[in-house]
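According to Swiss-Prot, the protein carries these features:
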| type | residues | note |
| --- | --- | --- |
| TRANSMEM | 25-47 | transmembrane segment |
| TRANSMEM | 62-81 | transmembrane segment |
| TRANSMEM | 88-110 | transmembrane segment |
| TRANSMEM | 114-136 | transmembrane segment |
| TRANSMEM | 143-165 | transmembrane segment |
| TRANSMEM | 175-197 | transmembrane segment |
| TRANSMEM | 229-251 | transmembrane segment |
| TRANSMEM | 256-278 | transmembrane segment |
| TRANSMEM | 290-307 | transmembrane segment |
| TRANSMEM | 311-330 | transmembrane segment |
| TRANSMEM | 350-372 | transmembrane segment |
| TRANSMEM | 376-398 | transmembrane segment |
Amino acid sequence: MQLKIYSSNKNYIQRGTKAFTEVTIAFFLAGFSTFSTLYCVQPILFLFSKEFSLNPAQSSLSLSASTAMMAFGMLFTGPLSDSIGRKVVMSSSLFLASFCTFCCSNMNSWESIIFMRALTGLALSGVAAVAMTYLSEEMHPSVLSFSIGLYISGNTIGGFLGRFLSSLFSEYFSWNIALEFISFLAFTSAVLFVYLLPKSKNFCSSPLDLRKILLYFIFQWRDPVLSKLFFMGCILMGSFITLFNYVGYRLISQPFFLGQTTIGLLSIIYLIGVYSSPQAGVLIERYRKGVILTLALTMMIFGVLITQCNIVLLIIVGLTLFAAGFFAAHSVTSTWISQCSKINKGSTSSIYLFSYYLGSSIFGTFSGIFWITEKWLGISIFIITFLCIGILLSIRLLQYKNI
């Protein structure tokens, strides 16, 4: 099988240049558009349950359908970007996702909502699969970890604003108007993204070959380091989505009885990722990645344990610690994937993110069974079990040199 190898003679983007500023702003907008449209339904799952007479596991399908289709789409959009270019794939994805979100806001049956949410996820796969590949190709290696950390920070802010605005508009207007507003912001972000993002200078096109995609998928999973990182992504995102899918159900019920807008404000916790993601990028320049990853996973476990308290302030502390650990761990694994992949970076990133979002879909809905039977304790046991598996994987990764 022929694989594309990238030349070391590249025209990288350096920190402090105009191009660096444009890329930073463009990817912040892409992150906002992607994660606001993807996660705008998460804080209003309770409203879906109420309006369509659904249990929490059924309501979570509005998010799981999107992340499942995003995972599936990334198997093809990454290789597609290897063929036709990074910018065209990302730009098309942003416009299509904003259109699908607008259509979703006008649906009046649960089945049609799920269908449009699935299409939204499929559209967004083009951004999620290609963004880190663009950065790893265009940014100078000395600022790659920092740039990926900033990109993830932008995703964090986008996810926060999408969730908060969705909650706010849903409480004072309706969830339909909330989604319409999100779609308008996403469309505006897409226009600015196209204008700001520089064309790839280090991109080398390779023909699209579906047979090679399948063979490369198998080839990457046989790599002892990459395969563990792929499964790590599944655990990380699955645990994160599970926690925040069901914490709203807990806090909106007795003994807390928090309002919809207040639940949405919990999304501000995600802003801890603005700090923890770049910091993790700095730490892995000084210490072994496996060590930092293990510490981040341990933080997540302690965060879940703290949320067992029936005091709102302590629950917020636990959620914050959990989120900080998650974004640090995601930053480490994202950088790790980029550095381990020396060939066909778009395909490698796609496989990692396929695992990442597939974990979100499976964990996010399947864990609803634990909520139905054991409420918050069941959710916590579910998450901690998989995070412990993640720590075991991280320890195994320490046996490899330079990791």
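Glycine is no exception: its Cβ is also placed from the backbone N, Cα and C atoms.
Counting Cβ pairs under 8 Å to the transmembrane segment (143-165), the stretch among 25-47, 175-197, 229-251, 350-372 with the most such contacts is 25-47. Below 8 A, the CB atoms of the transmembrane segment (256-278) and the transmembrane segment (376-398) form no more than two pairs separated by six or more positions in the chain, fewer than 3 in all.
Listed stretches 62-81, 88-110, 229-251, 290-307, 376-398 were compared with the transmembrane segment (175-197); the greatest number of C-beta pairs under 8 angstroms is found for 88-110. Contact between the transmembrane segment (376-398) and the transmembrane segment (114-136) does not hold: fewer than three of their C-beta pairs are under 8 Å, each pair 6 or more apart in sequence. Sequence-distant contacts of the transmembrane segment (114-136) (same chain, at least 6 residues past either end, Cβ-Cβ under 8 Å): 23, 27, 30-31, 33-34, 37-38, 41, 61-63, 65-74, 76-78, 80-81, 86-87, 89-90, 92-94, 96-97, 100-101, 103-104, 107, 144, 147-148, 151, 200, 334, 337-338, 341, 345-346, 349-350, 353, 357. Using the rule of three or more Cβ pairs under 8 Å, pairs at least 6 apart in sequence, the transmembrane segment (88-110) is not in contact with the transmembrane segment (229-251).
Simply put, out of 62-81, 311-330, 350-372, 350-372 has the most Cβ pairs sitting under 8 Å from the transmembrane segment (229-251). Long-range contacts of the transmembrane segment (62-81) within its own chain (CB-CB distance under 8 A, at least 6 residues past either end) are made by residues 38-39, 41-42, 45, 48, 89-90, 93, 113-114, 117-126, 128-130, 133, 208, 212-213, 216-217, 241, 245, 344, 346-351, 353-358, 360-362, 364-365.
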